[in-house]
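J.: Below are the features I grabbed from Swiss-Prot:
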- C6, C9, C39, C42: Fe cation binding site (BINDING)
- 1-54: domain 'Rubredoxin-like' (DOMAIN)
- M1: N-formylmethionine (MOD_RES)
Amino acid sequence: MKKYTCTVCGYIYNPEDGDPDNGVNPGTDFKDIPDDWVCPLCGVGKDQFEEVEE
């Protein structure tokens, strides 16, 4: 699974960790996160994230 970064604040969503504080379980691929999920640091939507090139 690929990591995604917030283009506004630099937060990196790692699917291995998920975002359990906001209802996203570890192992959840970015495409499977609910559309109303927002960046836990700055509050922007999923449309402000882009795939991390590794």
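Backbone N, Cα and C define each Cβ position, glycine as well.
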J.: Taking the Cβ of C39 (Fe cation binding site) as the centre, count every other Cβ atom within 10 Å, in any protein chain shown.
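T.: Result for C39 (Fe cation binding site): 21 other Cβ atoms within 10 Å.
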J.: If you count other CB atoms within 10 A of each CB, which of C6, C42 wins among these binding-site residues?
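T.: The residue with the densest Cβ neighbourhood is C6.
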J.: Given the binding-site residues C9, C39, C42, find the one whose Cα is closest in space to the Cα of the residue listed as 'N-formylmethionine'.
T.: C39
J.: For C9 (Fe cation binding site), which residues of its chain lie six or more apart in sequence with Cβ-Cβ distance below 8 Å?
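T.: C39, L41, C42, V44 - these are the non-local Cβ neighbours of C9 (Fe cation binding site), listed in sequence order.
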